[in-house]
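Swiss-Prot lists 816-841 with the feature compositional bias 'Polar residues'. Sequence annotations record features per position, and here Swiss-Prot assigns compositional bias 'Basic residues' to 922-932. Swiss-Prot lists 134-242 with the feature domain 'Cadherin 2', giving sequence analysis as the kind of evidence. The feature N-linked glycosylation site is assigned by Swiss-Prot to Asn47, Asn127, Asn389, Asn419, Asn545. Annotated topological domain 'Cytoplasmic' per Swiss-Prot: 714-932, in sequence order, evidence recorded as sequence analysis.
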Amino acid sequence: MAAPTKCQLRGRLVLLCSLLGMLWEARASQIRYSVPEETEKGYIVGNISKDLALEPRELAERRVRIVSRGRTQLFSLNPRSGTLVTAGRIDREELCAQSPRCLVNFKVLVEDRVKLYGIEIEVTDINDSAPKFQAESLEVKINEIAVPGARYPLPEAIDPDVGVNSLQSYQLSPNHHFSLNVQTGDNGAINPELVLERALDREEATAHHLVLTASDGGEPRRSSTVRIHVTVLDTNDNAPVFAQRIYRVKVLENVPPGTWLLTATASDLDEGINGKVAYKFWKINEKQSLLFQLNENTGEISTAKSLDYEECSFYEMEIQAEDGGGLKGWTKVLISVEDVNDNRPEVTITSLFSPVREDAPQGTVILLFNAHDRDSGKNGQVVCSIQENLSFKLENSEEDYYRLLTAQILDREKASEYNITVTATDRGTPPLSTEIHITLQVTDINDNPPAFSQASYSVYLPENNARGTSIFSVIAYDPDSNENSRVIYSLAEDTIQGSPLSTYVSINSDTGVLYALCSFDYEQFRDLQMQVMASDSGSPPLSSNVSLRLFVLDQNDNAPEILYPALPTDGSTGVELAPRSAEPGYLVTKVVAVDRDSGQNAWLSYRLFKTSEPGLFSVGLHTGEVRTARALLDRDALKQSLVVAVQDHGQPPLSATVTLTVAIADSIPDILADLGSLQIPADLEASDLTLYLVVAVAVVSCVFLTFVITLLALRLRHWHSSHLLRATSDGLAGVPTSHFVGVDGVRAFLQTYSQEFSLTADSRKSHLIFPQPNYADTLISQQSCEKNEPLCVSVDSKFPIEDTPLVPQAPPNTDWRFSQAQRPGTSGSQNGDDTGTWPNNQFDTEMLQAMILASASEAADGSSTLGGGAGTMGLSARYGPQFTLQHVPDYRQNVYIPGSNATLTNAAGKRDGKAPAGGNGNKKKSGKKEKK
């Protein structure tokens, strides 16, 4: 316990030292000076730089300045000498008046230290003012019968100085009848009195002249004098007498101040000053003395202020008349005040019952008030009224008391507040009135349900909206107030496509803002029907409903889908055939596409995006029909490649492209002959490449051997050279030249090509396939031919096939078939319309161009006819489809047909997931023949 006690004592000692230091610093920071008054400007008060422990030059460096409190600055700093000097003349009497000490306090700020120093300057008094009387002469009248010892007050002298410099004494000039008596008051003031020492005799001397001198105690001594004229009065033996003993007068209360009422006259038989009469009020109270005034010379009585009959209607007073000898006479004055209508009625509210419920019954008391008038007679009779067309009425319940009642049932929704003006009017002439204004609040009850601004709402929202998007804001207005008008919004429970409505949309219960909780898809559903309910917070709550229908607007969010031609399932590329004898406008094929959007977003247009032979083919703008633009020539290549672009009319437009391969030949043998001619240049090119590689390898080998021999001759031994050559020849012996020749680690890849075409036994048309080039040693391999085979040909069964491994061909996709109604017919005679409107039924007039892929089974058994059976893959006279569109979604209702209000309908049956009855039972394998 000893250690904590010592710590506490040490802490208290430190605190005490800190307090003493602060007191010492505060005392040290207070600087005191003194300066006499009336000094000239620039008078040095003190060396402030020394007292602040600063050099004179530091006053400017440290930005030392005087901080005043808005008063006129009496002192200033001299930055050169570091002294505090006067800024002008200082008058102590003007500054501090009669204060014993005159102190001037201000602060000096040292800005760099941010420290203030208190400065106290005492302004000392100098004897710069002499005692002064208010008048230079004074007349004193004394009756000759006055007895010795009588005292008469004399005027005082005023000296603004203080201390010894102030007034110290009075002196009276020498005489035989009077002496001077000086009295000192409680406040230290010196009051002189004139004392009669000897009786006066008017016959001996009618007047006496005296001089009173007032002196201060300063250096030099200052004084002033006043002359006193003493007049000896004669004896007075007649008193003043009034003409009437009682004066009566009547006056209206509204006469202005200064109105003459009467004149009371008194006479004195004496002569001279003894016969001169002076008038004054004698017996009068203080209130009356403020209302009336009396001329002391003439005796005229007039009003000094406005009279008030209601305050006092009768006044009684006495008037005294005194002559110069001191004799007096008296009379009585009676003043009657007559009433005029100068007071407005006064209305005093006794009870106010506000607010009032809007369902208050008729006759409910709202206000009880008193109305009275201070006037008398008819001037004091009051009549009260209120403005018309209000739901209230006035009743006079008792004398001067009125009640304000409800005249009918109130409706807060029509008027929530009433400003009632009660007018009180007297019956005077002219009548005076007073108005009071009352604000009556009507309390609401929950008698109104929320009401929507519309009977129903239709809202439009573009599809693909972001989640949480604000859709719409419904507003219901409740004419009630406060909680009765606070509306809470909600959605009625409902189910849409098996899911609760709350999974699609939500509503803010406070604001009525409808939000989307998911991204809507026009293709999924196009409108939502919901009920929005608005309930107030009253007791009991009231509610109302409104129907809201949300329409989902289609956006161009789906690109066109190419239905035909489609990529075969076996990975090959379909080929369309066109005879060399085709005339301009010959229908080669037709591109069929659909768009999942609707309206203009699904309106498709076709154009030829790219072609290997410009000007040879054209595409119908709205039909997608690929036709020959000119007659085919012998110089036209066998294989023509076309890229057709399909674009919708949405904003922004979306598009898709499809690549078509057209083989130009009149018959199937022509195709085979053309294929044979195409293989010869390929073999020549391969042989030329092999020759170049052999020559390059030989040259490089010679250079390498020469270099090795030279090195061996110079630096290596003969046996090491022989061993190195043997090892080198052994390493090169096992590399087949048909694959690659290595030159300094670089491999030259041999390119192999594969070609495949499919034929049917009953048709002159063929399916020609040109796969991608196959590279021997790359990571990417083609599935249509093996790596070591330079050419793969798939031929019909009536051609000889070598003993090579057979690769099974994928069967045609049985899901991609057209019904008989959808199967396109012969259309070579039709002409495409590039600028016209769409056909009336796009799916009924050659919508689809089927890929021509021969069926091996039909070619083998020869069961197919030229026209092709319903259950076979045979070809028509022109072309036939090899797949149906049963698995493709029916978007024809989305297709917009310009110039027509019709929509496309599906005539085909729905997909049943089963293969056709005949024609696809046998699968055919294509043989591959190696070309060297």
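These residue numbers are counts, starting from 1, taken along the chain as shown.
Glycine residues also receive a Cβ, built from the backbone N, Cα and C atoms like all the rest.
If you take the C-beta of Asn545 (N-linked glycosylation site) and look for same-chain residues 6 or more apart in sequence within under 8 angstroms, you find Ala492, Gln531, Val532, Met533, Ala534. Closest to Asn47 (N-linked glycosylation site) in space, going by CA atoms and restricting to the glycosylation sites Asn127, Asn389, Asn419, is Asn127. In this structure, Asn389 is the one among the glycosylation sites Asn47, Asn127, Asn389, Asn419 with the smallest number of other Cβ atoms inside 10 Å of its Cβ. The two recorded residues, Asn389 (N-linked glycosylation site) and Asn127 (N-linked glycosylation site), have Cα atoms 84 Å apart. DSSP gives Asn389 (N-linked glycosylation site) a coil state; it is part of no helix or strand. Across the structure, Asn127 (N-linked glycosylation site) and Asn419 (N-linked glycosylation site) are spaced 73 Å apart at their Cα atoms. Across the domain 'Cadherin 2' (134-242), the DSSP tally of helix, strand and coil residues reads 3 helix, 55 strand, 51 coil. In the three-state DSSP assignment, the secondary structure recorded for Asn47 (N-linked glycosylation site) is coil. On the 0 to 100 pLDDT scale, the domain 'Cadherin 2' (134-242) averages 85 in the predicted structure.
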